[in-house]
Amino acid sequence: MLLKELSSLASPLSQSQVDKLKQLTAELNSVQLAWVSGYLAATANTSGSAIQVAASVTEAQAAQTVTILYGSQTGNGRGIAKALAEKAKTQGYSVNLASMGEYNVRQLKQETLLLLVVSTHGEGEAPDDAIELHKFLATKRAPQLNNLHYSVLALGDSSYEFFCQTGKDFDARLSALGAKALLPLVECDVDYEAAAGQWHADVLTAVKPLIQTTANVVALNEINSTSAQVASESEFTKQNPYRAEVLVSQKITGRDSDRDVRHVEIDLGESGLHYEVGDALGVWFSNSEILVGEILAGLGLAADAKVTVGSESISLKQALIDKKELTQLYPGLVKAWAELSASSELLALSEDKEQLRQFILNHQFVDLVTNYKLPAEANLDANKLLELLRPLTPRLYSIASSQTEVDTEVHLTVALVEDEHQGQTRFGGASHFLASAQEGAEVKVYVEPNKHFRLPENPDTPVIMIGPGTGVAPFRAFMQERVAQGAKGDSWLFFGNPHFEQDFLYQTEWQQYLKNGDLTRIDVAFSRDQAHKIYVQHRIKEQGQALWQWLQNGAHLYICGDAERMAKDVHQALLAVAVEFGGLSSEAAEEYFETLRSHKRYQKDVY
């Protein structure tokens with residue numbers, strides 16, 4: 001309908017609004033008008049996806065649009081994708097940027113330029129927001145993509161067996177469907193920044209011959225979750241963390257417990273940092289001076305030797321304390337050390353994937369230094385040592401508080417990683433740092449949003465929370481938030497740990513929630529308080545009929561904790577409940593929980 005006719009019809013717009021609309025549209029060209037119409041349509045339909053926002057641009061300028069999709073359990077993939085989109089925008093490209101979870105898979109056959117950033121979760125699994133697209137590409141419904149040029153940047157951790165597996169899957173499947181790779185697959189380890197930056201440059205160079213730039217019609221379209229928007233507004237990020245103050249680091253396991261679990265409270269002060277329940281806190285830490293001293297002594301290197309890290313000139317000791325990863329091994333380092341030490345034992349071990357995986361889980365760099373001495377001809381000096389070690393990376397902790405309850409504080413539940421090996425005690429880097437922190441100590445932090453672990457929008461929706469050990473942390477935050485909301489929905493907690501008397505984390509809080517009626521029920525499993533071990537998965541099966549009824553009544557289901565064993569065992573228990581009490585086949589049970597996941601009713605925060 002023509003704008004000049006608006007005022008003469010029964011329009012919901014006032015005359016002033018019509019005049020403003022006329023003034024705006026008079027200044028726009030046809031492509032810009034298409035973009036505005038798509039934007040307004042998406043605004044009117046808030047349930048729409050990021051691709052709906054960009055639909056008009058895609059139709060008007062399909063051959064000139066670069067689509068950038070990201071799939072990531074944390075914010076790393078989104079950060080890389082967004083930085084690429086900004087660079088493409090400055091070069092005059094029209095860009096559609098979206099999470100894979102918000103992308104309409106039916107749009108794929110219309111794409112001509114597609115750039116993917118995707119991480120691998122768990123044991124070779126796609127992250128939550130990439131699952132649908134990942135599965136779609138593996139089905140017969142996936143279209144031929146002969147007109148598509150693409151590139152994939154895969155994020156992973158070489159400490160795990162299925163390194164960058166999801167990225168490999170996307171690359172292989174797109175190629176099989178006829179798409180043409182702009183570049184070979186780029187695989188990034190945890191120190192991904194340099195490789196990602198190089199990919200940005202390379203892929204934009206590769207795109208250039210295929211696209212005509214039109215700087216005046218650039219469109220960068222993205223719909224972000226609320227948490228991502230809030231977090232991005234803060235000046236404090238992973239690269240620029242806030243220097244916060246430790247208020248409390250208190251042991252909350254008993255004196256006779258085999259585990260040292262700390263309740264840590266941190267003051268965010270005037271930082272303006274905001275978090276939602278379900279988010280994580282990124283913690284930068286310093287390695288132990290004792291550990292660094294042991295490494296330097298074992299290598300015969302001077303602590304005060306001057307080295308350059310980035311643009312900074314510091315002592316070798318300080319570089320090892322603040323800049324390099326010392327407490328987590330990875331395959332590349334073990335293999336490099338095997339060659340330097342010429343150890344036949346270590347060389348053989350590095351060629352056996354399973355043995356190497358177990359070795360990495362149970363050793364630190366100092367164990368290589370101590371047990372596999374370097375010959376003089378290895379000639380390892382300070383600079384070569386730093387080249388061997390990858391950069392220190394922050395650790396993520398599920399936040400155990402709600403800002404509606406604690407205001408400018410953030411609470412964590414931290415298990416001290418502590419292992420005895422050959423008569424030596426080895427500590428985890430971040431957990432030891434936080435456990436040792438005194439009141440008033442400085443800690444560098446930032447908020448890592450996790451849109452895949454969110455309470456239901458309706459506070460009257462029932463929730464089932466499964467969190468053994470420190471996996472209970474986000475559920476403490478959930479309960480604080482639900483109480484503040486005045487939630488009427490039922491809530492059910494499954495918790496487990498070795499001993500009732502020593503390891504019942506936040507026991508008095510849960511009892512108070514029960515007494516007040518905020519927590520409807522709690523089922524606990526203390527594995528070593530009886531002859532036979534009982535875990536949360538056993539309690540789930542025991543309460544299967546009630547749990548199934550809760551799910552039929554619309555309950556949202558949450559799991560937090562260990563991904564290696566617990567999450568898998570709990571999932572199997574849930575499948576058994578669906579089979580026994582829902583009358584489903586094994587295949588139908590899997591489909592049932594997949595449907596719950598796709599509707600955000602089955603969410604995991606596992607590590």
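Easy rule for this one: first residue shown is 1, then count along the chain.
Even glycines carry a Cβ here, placed using N, Cα and C.
What Swiss-Prot records for the NADP(+) site is Ser527, Arg528, Lys533, Ile534, Tyr535, Val536, Gln537, and among Asp460, Asp490, Asp569 the residue it adds there is Asp569. Between the binding-site residues Ser72, Ser527, Ser72 has the most other Cβ atoms inside 10 Å of its own Cβ, all protein chains included. A simple Cβ count within 10 Å picks out one of the binding-site residues Gly75, Gly122, Gly429 as the most packed, and that one is Gly75. In the three-state DSSP reading, Ala415 (FAD binding site) counts as strand. Ranked by CA distance from Ser119 (FMN binding site), the binding-site residues Thr413, Gly429, Tyr535 have Gly429 at the top as the closest. With respect to Cβ neighbours within 10 Å, the binding-site residues Ser119, Thr327, Ser431 differ, and Thr327 shows the lowest count. Of all the binding-site residues listed here (Ser72, Asp157, Ser527, Lys533), Asp157 has the Cα closest to the Cα of Arg395 (FAD binding site).
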